[in-house]
Each structure stands twice: as structure tokens, then as C-alpha cells.
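Pulled from Swiss-Prot, these are the features on record:
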type	residues	note
BINDING	208, 209, 210, 211, 212, 213, 214, 215	ATP 1 binding site
BINDING	607, 608, 609, 610, 611, 612, 613, 614	ATP 2 binding site
COILED	393-526	coiled coil
DOMAIN	3-148	domain 'Clp R'
REGION	6-70	region 'Repeat 1'
REGION	84-148	region 'Repeat 2'
REGION	161-342	region 'NBD1'
REGION	557-769	region 'NBD2'
REGION	770-867	region 'C-terminal'
């Protein structure tokens, strides 16, 4: 008996049997050790005994009992599992003799099962015979699984029933009702049927973007085969979906994958055209299993495809078809393309309506029709990097799951009562320990409140339980109706007219009537739990997925938006025109009035340095997102050279940094609802403006990897110092800009930027130099910020009007704007104050007054001692 003639599975089984012997400290490997492993899930021998009629759980128990009866050996020099027992050696010799009789080249595990049944003296054989398992039954099971094949390779066990092992019968799935209905793809299904009916090149390949429904078309074909709604040449055909993952998984040795695929193809060939094979992600077969000197899977398929022995349906995406299939012209030639386009919003709504019942039954919720319409429309508008109907189905599924989770959690009212109960019980326990009159009186009040809260809790709990039971009953009734409809379909397909009539005129109308009555009796408006999916829930899911505020405005948000201009004015002083223009753009967008194909707003801020251009962008970000760093800031001084322009959208293929993506496109792809600030735009290379043209006009930009990035939910702000000298000189005492200056600045802008760029910007806003009154307000804001930093030390700052005016006058330089103020306050307020704190003259919990004396600032400590 040569171990080289053992199959891989048998060699592995012997190794595992040795491990079992070592774990149990048995000196020899016996029959129970080997069969303990061979009857594990996934093993061939387990399948053989199962088909022969053995109770596998009881068989495992019997093997454990036999293993427990073997004596445990202990000692220093004992080699556990080092040799075979005489019974196992006899079994192996008998199995080898049977191998020769069967004409097998290798000894396989199924031959071992056949040989075991001939060992009448073995304990395991006796047990199987007692259970009614005979040698004939085991042989029949082996013959069924082998399908007339001999063992000619070391991996033969992997090749038995290859289609069942590596594929899924889609027609069987459809017959059992395990597939979702396919709606609105009749044209593509008919194309597939036409191609399958051809004499040559009868292999369709479905090509389309991910999520458009390629696999659904194949499932639709399977459902048509079940209904008999196909030409005669396709009736009674079987449609198998090949799982390339499980076919490749575990193929350790060269040639093992090819052997498995050959076994699948052999079964298909034997079926004499009755099996149609479907390979999803068919591009994987190009190059699969290819190593140096070997063929890939695609080359194994070519001869059968050419001779018409294999009917194959493939599915792949446009990019992968181009990348893999088109390179192999011989393989591509054998397929006929069927292009699967993304369905329209209207078609998607029809698909969602068709699947509505399936979602309702699965989640146990009610889905409103307007929620389906919202899912199709909102996903089409806001989720731009995916395709319909997949993204719309995701929204409905996610919203339904959210409602289901809420239904299984305590309602808010009940939760509040439970918390109140806990608080009162803690208070009652504490008061019981007190004896004074006030505590006794309070205890009586607490006990009354406790009794009332317990009654309320009981009422709410009963109401909630009743609602849950009602929902479950409704869900069960829907499931029963769905099953009855599926049974009717099967009865009609099988021409069981009596059963069909019984279902159509008896069971189904009765269930529909009961369901209608249940829905009419439930008054959902006063329920504790929300059990229906509405457009609001869909909008919330979109907001969570994209970060774009799609949901209806709640009262607090309305108030916030109506006062957006006021909040911006508080932070940005002296620039009313700019603040109003930006806040109006935001209001238009949130009211849904802006052009859906352009950014929310695009502005160019012109003005001298330090007048609030960048500050306004930060203030807007803070008001919209509650954080002023929630914006994409691009410093255009970094894009002065032609070579650096590509960094915005990402390097072209073949260049360093191609995989990283662009600094602008990646930032907006991750945060589609954001403010994009192009700081110092005039410093950028002219090529940058060419990139921005399509962003400003169509709200989209294609990055270096060919992906389209959506800018329709961004506010674009460009700042520039162009015409600063003119703006500084052309302002009157009240801070108003003269018409001549305005015209001169616009001429300067037009000479610097191309007309097609300027024409696409919503508004060009000129920031005027700050007046003294505005500077005084800024001083107060800067002192307030300093005061906020001192709050940790519990130190309060106060500033007198004289000090404020003096700082404004001394620290402001019109040419430099408000920025020198910060430096002035750092030198004249922060530094002296820091010295006072370090010296211990300003203690915590004290108030420091900043006053003006003899043309310099003085700090007066108004100490407040702790109470």
C-alpha cells in the first residue's frame, strides 16, 4: 500500500486522525479516529452516510463513545498516534483491494466507506448495520455521487457533484420563491433569450455599471423558465450560477483549479445542452489559475464555446470588460454583448413598487408609496457615485431597518417613565432611612408618585406589547399571502388546476380580506412606535450617507437659517454686501430653489488684506456645520507652477501620485456638502481657471482616475487682493466705494481673468477697508476670545471704552486691515497680562479691568475672594 496513491483528502484525513489521537493521548490511530474526522461537516464520507440514511448526530456520539473506550497511555517516551491499529491497517488493505477492483488510480475516502461496510467485525460497521445501513445502500450513495467517474487524480473528491459544490441552481431558487421579482427588464431578458436561441455565438454577456441589475436579468430568465414563458428550446433548462470564489478557494497545487473547472464543464457537457451556466464577474476567468507554463480558465472554456457545447451567460462592468475581455479577442468573439443601461427614475420607482412587499415582509414595517418616490429621486440627485436602482433600494432597506430597530427598542415615553421610576425608587430608599417630619412627609409624596409612575409604566408596557403583537400579526399575514401567491404560481406552472382554483378563489381572497380588515382596525396615528417608512426617514438616511442636509427643516433650523445673516454680521464686521450675498445663496439652496445642476453659490471676494474675506468663509462654515474648520481650503499660492495644477484633480495615469487622487476632488468626494475656499486666487497658474470652468458651470469635475466628482452641493468662494490699492484709495469717510473705483477694479479683474471664467461666477463682491467703528467692534471680539481662553483659570477681563478706542486707533493700519490688531493686542495686552499671572499678582477667580492712563494701558486687579 503506497501512500503516494492516496488522494489529498485521504492524506489530510490521516493527519487529522493522528492529531485526534495525540489530543486524546492514544498510542495508535484506529478506525474511530479516522471516521471521527471523515464524518465532519463538508466531508464526502458524511455526505455518503447521510444519503444512505444514517443519523449523523447519533453517529458522532457513537464515535465519541468508541474513542472514550480506548485506553489513555502516559509516559515520557510514548509517541501518540505514531502507528496504525491492526483494525485500521486491515481496513486500509481492504480499501486498496477495492480500489483495484473499481479500476481507480488513487485510494479515495469514498472507497474507504465502501470497505468499512465489508468489515463485519468492526464496532462501527456493527453500529451502522444496527441503524439499518447496509453495504448496498452505501454503494448506491457512492455511485450516485461519483456519477460513473473513476478516481484518476489526487483531487478527485473535489470533482464529485462539481456543479452542486461550486454552483447555485437559479431555476430551483426561483421555483422555491427565494428570488425577488424582476421588474422592467423585459427587453434585456428577451435579448438574452434571442442570443441563447442562436446557432452560433449563443453566449450573451451582460455589460453595465455596478448596481444596474445585471444579475437580476439572469434571475428574471430563471423565473421565466419556471413559468414556461420561454421558447421551446429553453423550456426545462437548468440555469446554474458558477461561484468562481469557491472554485478557486483552497486550490493549493498547480492544476487543482483547472481540474475542478474541468469537472464542472464535464457535467455540463454530459447534460447535453440542458444546463446553461452563468458566471457573474466573468472577467475573473481571464487569467484565473494562470501560472508560468499553464493555461487560464478562459482558454479552457474557448473550445466548448466554439463548438456550442457550452451555453454561457456572463456579467461584468464596462471598465472590467474593456480591461480584461477585450484584450482576449478570441474569447470576446465568442460572446454577444447585451448592454444594460441604468434605469430612469420612473423605472426605478416601478422596480421599488414591485419589491415593496418583500421589504415590508422582511422588516415587518409599512412602506409608504411616497417614500419609494423619494428614495428614487433623492438617490438620483444626491448619491452621484453609484447607480440606480441599487442606490434607491439601499435607501429603502436602510430606512426600513432603522424603523425595525426603533420598533424593537423601548418607545421614548416608556423610556422616560422607566427613568423616572428608577429616580423615585432611589429617593424612596434614601428617605426610608430618615426619621424627621420633612423626610416622612416627602416619603409619602414619593410613594404616591411611585404608585402613579408604576401604573403609567404598566399601561404603556401593555400598550406597547399590544402594538408589537399587532405588527407581528400583520407581518405574518403578509408572509402567508406572499406564500399563497407563490404556491398559486407553482400550481399554474405544474397544471395543478384544482389547487390553483382553491388558492385563487379561496385562500388568497380570504387572506387579502383579513389583511385589509387588520390594517383598517389599526389606528397607527396614536401608536407609541413609528412603524411606517416615510419620505422623512428616506431623507434622513440620505443626509447620514452624504452629509447633505436633505431632510425637512425643523423649527430650530428654520430659525437658524432666517437669522443666518445676523450671525454672520456678528462675526464679520463692516462687510454687509458680502454677508447678505452669501447668506441669500444658502437660503435659496435650503429652500430648494437653486439650480440643481450648478454649485449652491460661487463668489469672488475682492479686497485689501485683513478685511474679512477668509473670515467670512470660516463664519459661514461655522454656522452651517457648527465648526469653522469644516471647509475645503485650497491655498492657490501652492499652484503657481504649471506642474502643480494636476495636484487639484490628481496625477494622470503613469505619473507618481496617480493612486492618491486630487487634493480638491478627494476632499469634495468625501464631504460633498462643504465650502470650498480658493484663497489668493490671483496667484494661481492660468490653467487652474480652465479646470474650474466646468465646476462653476455644471457643478462637476472629473478627477485623474476618471471618476466624476459632484460639486452641486458646495459653495465656492475665491478670495483675491486684486485692486487693493484702488479700493484703499477710493473709499469716502463713510466707507462707501465710488462708482469710478468700482469700474477701475472691475477693469483690473477683467484684464487678469478670462471672460468665460468671470461669466460663470455668481457674484463678484468688493470688500471695503474697515472703518474705525468696525475696528472697535473687532477689538471687543479679540478681547472676548482672550477672555474665553482665560476661563479655565477663572479670570474675567473687562475693557473700558477709552482703552478700546485707543487700541483701535493705535493698532489699525488701513493698508494691512485688522491683522495688525491681533499683533498689537498680543504685545500690549496678552504679554503684560501673562507677566501678571506668572508673578501671582492675578489670582484665579479674579476680574482684571483694562483701562487707559497717560496714553498706555493699565491692568487693575479687582480680586473676588471665594465665598
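Numbers run from 1 along the shown chain.
Cβ from N, Cα, C; glycine included.
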- Note on the structure: Using DSSP three-state counts, the residues of the region 'Repeat 1' (6-70) come to 47 helix, 3 strand, 15 coil
- Note on the structure: Model confidence for the domain 'Clp R' (3-148), as mean pLDDT, reads 81
- Just name the most isolated of the binding-site residues 208, 210, 211, 608, going by other Cβ atoms within 10 Å of its Cβ. 210
- Distance between residue 609 (ATP 2 binding site) and residue 212 (ATP 1 binding site) at the Cα atoms, whole Å? 51
- Closest of the binding-site residues to residue 608 (ATP 2 binding site), Cα to Cα, picking from 211, 214, 215? 211
- Task: For the recorded ATP 2 site, enumerate neighbouring residues of the same chain (Cβ within 8 Å of the Cβ centroid of 607, 608, 609, 610, 611, 612, 613, 614, site residues themselves excluded), in sequence order.
- Result: 605, 615, 719, 721, 767, 817, 818
- Note on the structure: The correct DSSP tally for the domain 'Clp R' (3-148) reads 97 helix, 6 strand, 43 coil
- Query: Are there residues of the same chain, six or more positions away from residue 611 (ATP 2 binding site), whose CB falls under 8 angstroms from its CB, and which are they?
  - Reply: 574, 575, 767, 768, 769, 770, 817, 818
- Note on the structure: Check: min Cα-Cα distance from residue 210 (ATP 1 binding site) over binding-site residues 607, 610, 612, 613, 614 goes to 614
- Item | Distance from residue 211 (ATP 1 binding site) back to residue 613 (ATP 2 binding site), taken between C-alpha atoms, in Å | 44
- Determine, using Cα-Cα distances only, which of these binding-site residues is closest to residue 211 (ATP 1 binding site): 607, 610, 612, 614. 614
